[in-house]
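**Student:** Quick paste from Swiss-Prot:
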type: TOPO_DOM; residues: 1-160; note: topological domain 'Cytoplasmic'
type: TRANSMEM; residues: 161-182; note: transmembrane segment
type: TRANSMEM; residues: 193-213; note: transmembrane segment
type: TOPO_DOM; residues: 214-238; note: topological domain 'Cytoplasmic'
type: TRANSMEM; residues: 239-257; note: transmembrane segment
type: TRANSMEM; residues: 263-281; note: transmembrane segment
type: TOPO_DOM; residues: 282-288; note: topological domain 'Cytoplasmic'
type: TRANSMEM; residues: 289-312; note: transmembrane segment
type: CARBOHYD; residues: Asn320; note: N-linked glycosylation site
type: TRANSMEM; residues: 336-370; note: transmembrane segment
type: TRANSMEM; residues: 371-395; note: transmembrane segment
type: TOPO_DOM; residues: 396-683; note: topological domain 'Cytoplasmic'
type: BINDING; residues: Gly536, Ser539, Arg552, Thr553; note: 3',5'-cyclic GMP binding site
type: COILED; residues: 614-668; note: coiled coil
Amino acid sequence: MKTNIINTWHSFVNIPNVVVPAIEKEIRRMENGACSSFSDNDNGSLSEESENEDSLFRSNSYRRRGPSQREHYLPGTMALFNVNNSSNKDQDPKEKKKKKKEKKSKADDKKESKKDPEKKKKKEKEKEKKKEEKPKEKKEEEKKEVVVIDPSGNMYYNWLFCITLPVMYNWTMIIARACFDELQSDYLEYWLIFDYVSDVVYLADMFVRTRTGYLEQGLLVKDELKLIEKYKANLQFKLDVLSVIPTDLLYFKFGWNYPEIRLNRLLRISRMFEFFQRTETRTNYPNIFRISNLVMYIVIIIHWNACVYYSISKAIGFGNDTWVYPDVNDPEFGRLARKYVYSLYWSTLTLTTIGETPPPVLDSEYVFVVVDFLIGVLIFATIVGNIGSMISNMNAARAEFQSRVDAIKQYMNFRNVSKDMEKRVIKWFDYLWTNKKTVDEREVLRYLPDKLRAEIAINVHLDTLKKVRIFADCEAGLLVELVLKLQPQVYSPGDYICKKGDIGREMYIIKEGKLAVVADDGITQFVVLSDGSYFGEISILNIKGSKAGNRRTANIKSIGYSDLFCLSKDDLMEALTEYPDAKTMLEEKGRQILMKDGLLDINIANLGSDPKDLEEKVTRMEGSVDLLQTRFARILAEYESMQQKLKQRLTKVEKFLKPLIETEFSALEEPGGESEPTESLQG
């Protein structure tokens with residue numbers, strides 16, 4: 001082991017040079033009382049003494065030295081710690097081991113590099129490969145993550161539209177090609193292309209189903225194995241497998257004129273129904289979509305019935321009687337278009353129960369016509385019922401609105417209201433209906449949870465409320481509370497929103513329309529307020545020292561039809577009870593506004609609390625006390641009823657147990673009664 005000589009300047013004169021060997025060994029020697037390798041002699045004597053002490057330490061034949069001898073080596077230990085420039089106790093044994101390993105690895109690398117430079121190059125290459133493999137592994141892990149389709153998203157809905165097209169194609173064309181031979185033979189190449197494109201879409205749909213997530217405990221499942229297992233456990237998986245069985249191979253046996261071998265493709269109809277259901281919930285015109293959907297179903301049924309009629313006519317023989325399709329050798333009835341249109345016409349007349357068709361002749365024809373009439377009756381009933389309900393739903397809002405108008409008309413006639421006032425009322429109702437303002441927002445939104453209702457109100461009204469000066473810097477929670485309390489109001493031309501001297505119980509925000517600040521004569525206009533303007537915010541705060549009090553200071557009149565948002569004083573104060581800091585801030589803002597306008601009496605504002613405020617607080621306290629009293633009375637009544645029920649139960653238990661106890665006591669009083677129970681127990 002190499003030792004280094006370090007010149008140190010120490011307070012001890014006898015230590016000009018210090019030899020630093022292995023530090024841990026020296027510490028152990030000093031703890032055991034052995035001589036340290038540090039001494040006052042030169043290097044030769046130091047090494048000799050250390051060798052002697054090593055031999056003594058190994059043979060365990062030395063004795064521990066006393067404290068006087070240990071003091072002799074104290075300067076050496078001090079120098080040792082000064083050389084390290086840190087406390088050995090602060091170093092963790094783990095860190096020491098790590099440093100030793102690093103030193104060993106570096107020493108080994110140096111030795112190997114000197115011996116074999118090729119090995120060094122190999123190791124460097126291996127390290128580079130590992131570095132390159134790490135990003136590759138990360139990329140592979142990212143690739144393994146399955147892309148899951150959200151069933152409520154647009155991507156899934158668009159895919160449903162894509163799969164619906166081949167389903168509708170198969171449901172309409174397979175039966176037509178099977179019944180009309182010319183349709184299959186003349187356009188065979190096109191049909192094969194469409195068929196196999198639809199088969200590819202069917203296969204892709206099976207893959208999409210394995211990547212379509214589902215909700216489990218409110219969370220979208222993205223595990224690939226779970227998605228596949230759920231799809232396989234579903235009945236639709238079996239139907240999907242049956243729908244893609246390659247029955248087209250039977251073409252090689254029967255020929256190309258048998259497209260009915262592809263009837264298994266019709267089993268994928270559930271995807272079409274799913275697409276229609278989702279479209280009905282997404283569209284803004286659900287009633288129109290329902291009617292068009294119903295018409296489509298009826299057309300498909302008529303189409304299928306026409307194809308079956310033509311195939312029955314072909315089986316019986318064209319032109320054999322008056323009921324079947326005429327002879328195809330006739331040029332007029334030999335064209336493909338005439339064949340299909342004639343069959344479709346016959347099917348429509350039969351299924352709509354019009355019945356202006358030639359009567360059947362054969363028994364099979366009679367059976368087919370009877371079945372058609374039964375189907376037609378069901379179709380007719382379905383049409384009448386569905387369309388009737390749709391029309392009633394479409395007109396429900398109008399009927400309800402009209403009933404309100406009729407009720408008000410009857411009331412005005414009963415009270416002999418003037419014709420001018422009646423015209424104004426009717427015009428106001430017409431404006432509401434034409435501008436679609438008859439919807440009661442609270443009634444529509446009452447089925448939604450509070451969170452969703454609040455979010456809708458925030459999206460609709462929050463920007464409008466922030467325009468008001470006093471609410472500009474309020475807390476978000478207070479603004480949400482106030483947004484939920486805004487009430488829409490509509491004023492017709494010439495209506496006064498407020499007049500000078502009226503008590504201010506509401507503030508108003510103009511959503512749409514124009515209002516005019518007019519003189520007492522109602523004609524002279526001072527200012528015109530437009531969209532986004534507001535007024536009455538100071539009066540509902542009821543600020544102490546206001547020269548106007550809580551009364552209106554101007555006449556405000558609607559020029560045309562105006563839509564306003566109204567916030568009442570009671571609603572504001574109810575919201576501010578939960579936000580006392582916001583209340584003080586609003587009052588301070590109101591005072592500043594009044595001071596700018598010169599409408600604040602500072603002397604009154606600096607006085608103590610207003611007795612009116614105290615009265616309001618007292619009334620509120622009385623109201624809360626009344627509520628507590630009613631709750632206490634209700635709880636007391638419940639307690640009394642429960643107590644009465646318990647008494648009744650106890651009396652029933654007493655009645656039941658009393659004869660049993662009497663019989664037991666009578667048995668004990670009789671001679672030998674004590675032995676009878678024991679005997680009975682033993683028996």
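Every residue gets a Cβ built from N, Cα and C, even glycine.
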**Student:** How many helix, strand and coil residues does the topological domain 'Cytoplasmic' (282-288) contain under DSSP?
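**Tutor:** Helix, strand and coil residues of the topological domain 'Cytoplasmic' (282-288) number 4 helix, 0 strand, 3 coil.
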**Student:** Can you name the far-off residues of the same chain, 6+ from the ends of the transmembrane segment (161-182), with a Cβ under 8 Å from a Cβ of it?
**Tutor:** 191, 194, 197-198, 201-202, 205, 257-260, 262-263, 265-266, 268-269, 271-272, 275, 300, 303-304, 307-308, 310-311, 314, 336, 339-340
**Student:** Given the binding-site residues Ser539, Thr553, which one is most crowded in terms of C-beta atoms within 10 angstroms?
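**Tutor:** Compared across Ser539, Thr553, the most Cβ atoms within 10 Å surround Ser539.
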**Student:** Near the Cβ of the residue listed as 'N-linked glycosylation site', how many other Cβ atoms are there if near means within 10 Å?
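**Tutor:** 13, counting other Cβ atoms within 10 Å of the residue listed as 'N-linked glycosylation site'.
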**Student:** Could you check which of the binding-site residues Gly536, Arg552, Thr553 is the closest Cα neighbour of Asn320 (N-linked glycosylation site)?
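**Tutor:** For Asn320 (N-linked glycosylation site), the spatially nearest of the binding-site residues is Gly536.
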**Student:** Find the longest CA to CA distance in the recorded 3',5'-cyclic GMP-binding set Gly536, Ser539, Arg552, Thr553; express it in Å as a whole number.
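**Tutor:** Taking every pair of listed residues, the largest Cα separation comes to 9 Å.
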**Student:** What residues in the same chain, six or more past the boundaries of the topological domain 'Cytoplasmic' (214-238), come closer than 8 Å to it by Cβ-Cβ distance?
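**Tutor:** Long-range Cβ neighbours of the topological domain 'Cytoplasmic' (214-238): 146, 148, 150-151, 270.
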**Student:** Let me know how many other Cβ atoms fall within 10 Å of the Cβ of Arg552 (3',5'-cyclic GMP binding site).
**Tutor:** 19
**Student:** Where else in the chain does the topological domain 'Cytoplasmic' (282-288) make close Cβ contacts, counting only residues six or more beyond its ends and a cut-off under 8 Å?
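**Tutor:** Apart from its flanks, the topological domain 'Cytoplasmic' (282-288) reaches 157, 390, 393-394.
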**Student:** Check the coiled coil (614-668) for me and report the mean pLDDT.
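**Tutor:** The answer is 85, the mean pLDDT of the model over that range.
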**Student:** What does DSSP give as the helix, strand and coil breakdown of the topological domain 'Cytoplasmic' (214-238)?
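**Tutor:** When I sort the residues of the topological domain 'Cytoplasmic' (214-238) into the three classes, I find 14 helix, 4 strand, 7 coil.
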**Student:** May I ask which residues of the same chain, at least 6 positions away in sequence, place their Cβ under 8 angstroms from the Cβ of Gly536 (3',5'-cyclic GMP binding site)?
**Tutor:** Cys498, Gly504, Glu506, Met507, Tyr508, Arg552
